[in-house]
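Take a look at the structure below.
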Amino acid sequence: MLVLLKRSLILAVVAALLAVPLMPHFIYPVFAMKVMCFALFACAYNLLLGHTGIVSFGHAAFFGTAAYVTGYAMRELGLPPEISIAAGVIGSAGLGAAIGALAIRRQGIYLAMITLALAQLVYFVFLQAEFTGAEDGMQEIPRGVLFGLIDLRSDFNLFYVVMALTGAGLWLVYRIVNSPFGEVLRAIREHEPRARSLGYAIEKYKILAFALSAGLSGLAGSLKCIVFQLASLTDVHWHMSGEVILMTLLGGMPTVFGPAIGAILVSALHHYFDALGAWVTIVIGLIFILCVLVFRRGVAGQLHHMLQERRPTAPSAERRNLKEGQHAQV
Amino acid sequence: MVKSLRISLAASAALAFSALPSAAQVSDDVVRIGVLGDLSGIYNDLSGKGAIEAVKMAAEDFGGTVLGKKIDVVSADHQNKPDVGAAKAREWFDTGGVDLINDLANSGVARAVAGVAREKKRHIIVNGASNMGITNELCSPYAIHYAYDAYSLAHGTGKAVVEQGGKTWFFLTVDFAFGIGLEQQVSNVVRANKGRVVGAARHPLATTDFSSYILQAQASKAEIIGIASTGADAVNAIKAAVEFGATKNQKLAALLLWIEDVHSLGLPAAQGLLLTNAWYWDMNEDTRKFAKRFFDRVGKMPNMAQAADYSSTMFYLNAVKAAGTDDPDKISAKMREMKVNDMFTKDGYVRADGRFVHDMYLWQVKTPAESKAPWDYLKPVATIPAEQAFQPLSESTCPLVKK
């Protein structure tokens with residue numbers, strides 16, 4: 001029942017998204033693309049926060065690095081978008097592995113501080129480097145032609161490309177979470193010494209989780225760079241790291257796609273309450289307080305929890321259909 | 001759960017700092033003018049509410065309608081972030097029905113929006129920013145650079161200071177398109193007049209502590225400290241220079257000062273400084289009349305960008321009326337035929353590269369004794385004739401210029 005409900009929900013979201021470019025005055029397609037990028041970013045971030053129990057405060061570094069790498073590849077080197085996006089993702093994943101390898105030597109708040117410090121280093125590199133345009137950002141990035149076939153200069157084409165890539169990214173997140181590898185990550189989250197005692201090389205798992213999370217965040221950053229034809233310091237600034245934590249917590253840490261809901265919420269608040277000016281911050285703050293007090297699992301997490309409580313047999317029935325040791329998370 | 005609560009609290013603390021204010025309104029299909037300015041940051045004073053009011057005044061003075069269609073003014077805050085500005089411009093052009101974006105304080109934002117305007121074939125008029133890119137590599141039939149630019153500042157203040165004997169220069173430059181572009185232009189003037197640039201220190205936008213930069217400037221032993229920043233940055237740099245005693249052996253050249261900057265510095269600190277402005281409220285009867293109306297609405301005197309916001313909006317609306325359509329290409333053609341005669345300038349015209357050509361003026365800040373009334377701050381030094389005030393058309397890299 002629960003699975004059916006979720007499937008139909010996902011189908012409804014996909015159908016709604018497919019219709020967006022056909023009615024640009026109802027939902028502005030560029031805004032919808034931005035939301036998709038952030039949804040992927042938040043879900044990728046949750047690989048670490050929700051599923052491995054690692055609080056990274058430096059994810060903007062991965063998001064922004066990919067944006068700059070993609071922008072550089074497209075504008076300066078004239079590479080096609082598919083290669084530029086791949087370069088962005090690989091760059092971010094590499095950076096994620098490097099930062100991860102350093103950060104996981106500590107735990108908890110210290111780990112968060114190390115990621116923040118390293119992300120600030122990355123920020124200053126982009127602030128000072130010649131090719132980034134510092135505070136102006138890297139502007140006038142061409143959108144290019146995907147695979148030599150699809151002209152991305154049209155918002156219509158770009159929308160479906162962004163949707164497909166975001167979908168692929170989210171599917172990958174889902175696969176990672178519901179794999180034996182994801183199971184080990186959760187074991188590390190729940191009880192690290194026990195996971196170690198079972199013979200798992202937890203450092204390697206953590207670094208890989210970091211790299212995967214960073215790579216997928218990078219995909220989101222690369223897409224955003226192509227959508228807006230701009231890579232700027234906003235993408236690497238620590239505000240962005242804070243924003244993604246917020247999205248994840250609002251959406252629901254224990255779920256796979258919950259953070260996407262958080263991303264939609266936060267972006268929509270910024271977009272539609274624009275006219276309130278400084279009050280947006282206060283509105284978001286109040287919503288956040290409400291969220292922490294009333295549904296601490298986040299929007300999706302709480303819904304999931306409530307549905308499970310109402311049908312005590314549902315989760316056990318669900319579990320029976322799965323292989324030994326696998327725990328479905330949607 | 002305690003852990004996640006802690007994370008939640010940490011994140012909410014982070015959020016409190018992370019979200020910045022912005023504003024926008026959108027309405028029906030009419031002749032719509034968007035004012036994209038800094039409504040919350042360090043250029044709020046020189047753009048901000050004053051820019052919005054100036055454009056609104058122009059729309060009202062025009063009669064509220066053009067070609068029988070309502071004139072609507074919307075506004076938004078670009079937060080001095082090029083990505084925010086470009087995204088807002090894109091949205092305005094795509095779905096907001098905006099025909100013209102005006103003001104555009106901040107060179108980084110202006111450059112980003114110029115790219116969007118060229119792609120979407122809609123008009124922008126740059127009044128708040130100085131970057132030369134608008135009339136060079138980023139030029140288009142849809143972009144007009146109206147009030148001033150880095151070239152005119154360099155050939156006003158920069159040239160005057162060099163001619164007074166300031167041969168060696170050290171720059172305190174704000175590290176983005178505006179500061180760097182201005183530094184380049186002034187350096188060209190200094191070198192052309194057999195002067196020498198001995199160095200530069202770059203600081204981020206909205207710097208509050210200038211001590212290390214001032215020390216570098218003092219150590220350089222340059223005769224002139226060129227301040228290639230504006231607004232609060234320039235004010236803070238000048239105050240720091242005075243506090244550190246840099247003004248004993250060296251002279252300051254503030255390369256872009258606004259009437260508001262003089263107001264916040266105060267005459268004792270600002271007296272004697274040279275500045276290049278296209279307009280000053282106390283020039284003649286027309287300017288005083290406009291300034292008084294503006295003052296009644298905003299509570300301060302208009303600066304050159306705000307006067308230009310008014311003048312250029314009028315110019316655009318007149319072009320719409322003359323063209324009899326809101327087709328951007330036809331309006332562009334009209335704007336390049338018409339001349340502007342109003343309180344902002346006499347016989348101003350738009351060149352092929354989008355540069356609006358008019359006289360510029362060199363001013364000097366009055367001493368406290370010379371100032372007779374509030375906002376009575378400037379005395380004229382020289383007029384820079386239109387032909388010399390702006391980059392010669394032959395030097396423009398704009399592809400629209402036929403050579």
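These residue numbers are counts, starting from 1, taken along the chain as shown.
Each residue, glycine too, has its Cβ placed from N, Cα and C.
Per TrEMBL, the stretch carrying the note transmembrane segment among A:190-216, A:244-270 is A:244-270. Taking pairs at least six residues apart, the transmembrane segment (A:48-71) and the transmembrane segment (A:244-270) share three or more Cβ pairs below 8 Å and count as touching.
The transmembrane segment (A:244-270) shares the most Cβ pairs under 8 Å with A:276-295, out of the stretches A:83-103, A:109-129, A:276-295.
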